[in-house]
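Below is one structure; the comments refer to it alone.
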Amino acid sequence: MYTLPSKLRLFSIILVVLGLIGIVYGFLTVPKNTDEVRQILSEQEAHHGVASHNADDTANFVDRARGEKGYSEAAMEHATDLRPEGHGVSSHEEHVLHQMQTRPWSATLVAAFFFMMIALGALVFYAIQFASQSGWSPVLYRVMEGITAYLLPGSIIVVLILVFAGTHFFPWQNDELVAGDKILQGKAGYLNFPFFVIRAVIYLLGWNLYRHFSRKYSLEQAVATDYTPYRKNFKISVFFLIFFILTEATMAMDWFMSMTPHWYSTMFPWYVFASLFVSGITAIALVTIHLKACGFIPFVSDKHLHDLAKYIFAFSIFWTYLWFSQFMLIWYANIPEEVTYFVIRIQEYRLLFFGMLVLNFVFPILMLMNSDFKRIPWLVVITGIIVLIGHYIDVYLLVMPSTVGHHYHFGIPEIGAVFFFLGLFILVVGASLGKTSLKPENDPFIRESENYHF
Amino acid sequence: MSSHYEAPIREPLVLGEKSYHDISVDIAAPVLGKANKSWWIVFTIALIAFLWGLGCIIYTVSTGIGVWGLNKTIGWAWDITNFVWWVGIGHAGTLISAVLLLFRQKWRMAVNRSAEAMTIFAVVQAGLFPIIHMGRPWLAYWVLPLPNQFGSLWVNFNSPLLWDVFAISTYLSISLVFWWTGLLPDFAMIRDRTKSPFQKKIYGILSFGWSGRVKDWQRFEEVSLVLAGLATPLVLSVHTIVSFDFATSVVPGWHSTIYPPYFVAGAIFSGFAMVQTLLIIMRKVSHLEDYITVLHIEYMNKVIILTGGIVAVAYLIEYFIGWYSGVPYENYTYLSFGAATGPYWWAFWALIICNMVVPLSLWVKSLRRNIRWTFFVALIINIGMWFERFDIIVVDLSKDRLTSSWAMFQPTFVDIGTFMGTIGFFFVLFLLYARTFPVIAQAEVKTILKTSGAGFKRLRAEHGDN
C-alpha cells in the first residue's frame, strides 16, 4: 500500500501554505482607485523608460507584418477595452485599474484550471482505455484513478473562481456594457449568468459522477467473481465520452472564449481539449515513474512507460496541429473580428506565445522520437515537466491576454497560485493512491497488461 | 510485437479451425481461380461507365468548362465536391493500415489490404478532378516549381490549391509504397503456389525476390512501423490541406477554423463506410467470411460511430458558432437556419439525416452486427458525405455577401457523367485488383492465428492457459 513519502508530504504542505500566502498577497495588493494606478504607471515608466505598448513605439511586430501603422494598437483596444457605446470613453486609468484588479483572479484561475485539466485529461484517457478495451494499460488504472481524485476539489474551486470573478473575467456579465453593445445583446440568450452557472454545474456533476462510479466499479471488480463491474464500467465510459466531448466544447467556450465575447473560433474547444489531454497523459507518466521508483508497482514495466511516452509524443504533435490550424487560418484570412485574438498575443506576449511552441512541440518531438529514449525514466520526466510548463503557459495565454491585457506579470500571485494548487494536487493524489492496492486485480485484461511487451 | 497470450474475453478474429496452410489456400483461391460470370457482368458495367465518363472528360476538355453547370457565382460545384469526396474515401485505407497499426489493432490485418487498395484507387479518381476542372488543363504542369524559360517563373506557395498538389501526390506515392511493401510476402506466396508459368513469372517480378529470411522480416516490420508513423501525420495533413482550400478563404461558411480536424474525421467516416460497402460484398463473393468476420464489421461500425460522432459535434459547433458570431452572413452557410429553410433545404436535410440520424442506429448492438443493415447504413453515409461536401461548396457559394450575385446551381449531364465515370473507373480498378491481388494480408493474418484464431483459443481454454 502506497503512502505519500513524508518528505513529499511536508513539501506539499509547505507549498500549500506558501501558495495561500502568495494568493492572499495578490488580492491585497491590487490598486484600489485610479490614483494608485497613476502612481504605479508612472513608477513603471520611470523603471522601463517608455512602456512597450506606447503609441509612439513604431517598431511593432504586427504592424510591420501587416504594413499598417497603428493597426495592432487599434485591434487590441477593440479586443480588450469593451465599453458601452454612447457612454463616453472611460479613462485609460479606469481601464488599467480594472485589469490590475483582475490580475490575482486570473493568476489563481490559470493555476486552478491547469491542475483541474490534468485530472480531467487523465479521466478522459482512463475512459478511453475502458471504451477501447485496451490490453496494455490496466496495470495503470489505479494510477489514473489516483490522479482523477483531484478532479472533485479541483473542479469545484475552478467553478467557484469563475462564478465569483464575474466581470473580472466576463465582460458580458456587465449589464451596463451589454446594454450598449448590440453584439453582446445578440449573444445574451447563451451568455447570461444563470445559464452560465447551470452549465457549469452540469459539467461538474457529469464529470465527477463518472469519476465516482468508474472508481467504484473498478474497486468492485477487484473482489468480484465475474466481469459485471467491468462491463458497467465499459458502458459508463462510453457515455461519459459522449458527454465529455459535448461539455468540453461548451466549457471551453463558456470559460475561456467568452472572456473576449466578440471573438469566436470553431476550433477553440478542440484546441483546449488537446492541451488538456496531453497534460493528463503526461501527469500519468510522471506519477507512474514516481511510484515505480518507490517500488510500489513492480508489475509496470518500461514497456508501459514507452507507451505513455508515445502518447505524450503523439498528442504533443496533435496539439501543435490544432494550434497551427487555428492560428494559420485566422492569420491567412486576416478578418478583423478574428485577428484581434492573435494580435494581442503576438504583440504583447510574443516570447510566451512562440516559446510555448518550443516547449510543447519542438522539445517533446526531439526528445521522444527515439524509441530507446522513451524507456528512460529520467528522460521522460524531464520532457514531461517541460511539456507541463508549456501547457501551463498555454492556459496562461488563454486567460491573461483576455483579462489583464498588457498588464501581465509573472510574480507572487502567479507563483503563489501554482504552489498552492501543486501542493494540493500532490496531497489529494497521494492520499487517493494510498487508499487501495495499486494493482487492479480481476480486470479481464490485467494479465494481458502484465505480460505486455513491445 | 504481440504477446502469445490473449485475454479469453476477446472474440476470435479468425473463425474455423484454420491452419497456416488453410489461410494461404483461402486467400490465393480468387487469384489462382477463374473469374465467374457475375464478375464479368459487373466488370462490363463498370467499364462502360468508365468509358462514358472518359467521353465526358474529353468533351469537357475539348469544348470548354462551360459544358458543366457552373456559373459565375458558383465556380466550384460537382468537380470539387467529387474531388473532396474521393480524397475523403481514400483516407480510411491509410487509417486502417497506419493508425490502427500504431494502435496495435489486430483486427486491422484482415481488412488493411483492401482498404489500402481502395485508398489508392480513390485517390486516383480524386486526382483527375484538379486536372479536368482547369480551364486549360494542358498547362497543368505550370503548378510545378520547375526552372523554366520565363525567367524562371515560379509558383506562389501561398495557395492551398498548390499545397493540394503536393499533398495529393505525396499521399498517393507514400500509400503506394506502403501498400506494395506489405504485398511483397503475399505476392511471394502466390508465386510459390501457382502452377501456371505465366503467373509465376509475373508474381516473381512483383514480389521482388522476397524469400522471407529473418533479417528481411525484421527490416520489413521496421519499415512498416516507420511508414505507419509517417503516414499518420500525412493522412491528417492531406485532408487538412484539402480543408484549407475552403477554410483559408473569407467566404462565410467556408472560413471556419474547425475545418481541418472536422474534414479529417469526415474523411475517416466516409472512408470506413466505403470499406464496409466493398468488404461486405467481397467477403461473400471471395468466400472470406472466416477472415472478415462479423466482429470486423462491428469494429468498423464502431469507428464509424466514433468519427460520425466527431463530425456531428463539429456540425453542432458550426451551427452554434454561426449563431454565436452574430455575423448576419453566417445565416446563409451550409449549417444554418437559412440553409435549412432556403432553396437548398433538401441538401441540408439530406446531410443531417444521412450523417447524423441514420448512423445513430449503429449504437444498437444487434444492428451494428447485422450485415445487411451495415451495408445499408454504409451506403447512406457515402451519400450523406457527398452531400456534406456539396453543401459546403455549393450552398455556401450560392448566397454570398452580395445579394446581386446570388445564384443557384444546376448540374448538366456532363457533370453527372464525369462523376459516374469515376465511379466506373474505381470499380474497374477494384474488380481487377480483387482478381489478381491477395486481398487479405495473409502474412499478417498468420501472425495472429495462434493468439486470435478460434481453434487456438479453444485449445487454450481446454488446456487451462487462460
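Quick reminder: no glycine exception, Cβ is built from N, Cα and C everywhere.
Keep in mind that what you see is a predicted model, and the values were worked out from it rather than measured.
What TrEMBL annotates here:
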- A:7-28: transmembrane segment (TRANSMEM)
- A:105-128: transmembrane segment (TRANSMEM)
- A:149-170: transmembrane segment (TRANSMEM)
- A:190-210: transmembrane segment (TRANSMEM)
- A:236-256: transmembrane segment (TRANSMEM)
- A:268-291: transmembrane segment (TRANSMEM)
- A:311-331: transmembrane segment (TRANSMEM)
- A:351-369: transmembrane segment (TRANSMEM)
- A:376-399: transmembrane segment (TRANSMEM)
- A:411-433: transmembrane segment (TRANSMEM)
### Query
Would the transmembrane segment (A:236-256) and the transmembrane segment (A:7-28) count as touching if the test is at least 3 Cβ pairs under 8 Å, pairs 6 or more apart?
no
### Message
Can you work out which residues elsewhere in the same chain, 6+ from the ends of the transmembrane segment (A:190-210), have a Cβ less than 8 Å from its Cβ atoms?
### Response
120, 123, 127, 151-152, 155-156, 159, 162-163, 170, 172-173, 184, 236-237, 240, 243-244, 247, 250-251, 254, 258, 261
## Note on the structure
Given the transmembrane segment (A:149-170), its same-chain partners at Cβ distance under 8 Å and 6+ residues beyond its ends are 98, 101-102, 105-106, 108-109, 112-113, 115-116, 118-120, 123, 191, 196-197, 200-201, 203-204, 207-208, 211, 215, 255, 258-259, 261, 399, 402-403, 421, 424-425, 428-429, 431-432
#### Entry: For the transmembrane segment (A:351-369), sequence-distant contacts whose Cβ falls under 8 Å of one of its Cβ atoms, 6 or more beyond its ends
278, 309-310, 312-313, 316-317, 319-320, 323, 345, 379-380, 382-383, 386-387, 389-391, 393-394, 396-397
### Task
Find the member of A:7-28, A:105-128, A:311-331 that has more C-beta pairs under 8 Å to the transmembrane segment (A:411-433) than any other listed stretch.
A:7-28
## Note on the structure
Lying 6 or more residues past either end of the transmembrane segment (A:105-128) yet within Cβ distance under 8 Å of it, the residues of that chain are 23, 26, 134, 141, 144-145, 147-151, 154-155, 157-158, 161-162, 165, 168-169, 207, 210-211, 214, 237, 240-241, 244, 255, 275-284, 311, 388, 391-392, 395-396, 399-400, 403-404, 413-414, 416-418, 420-422, 424-425
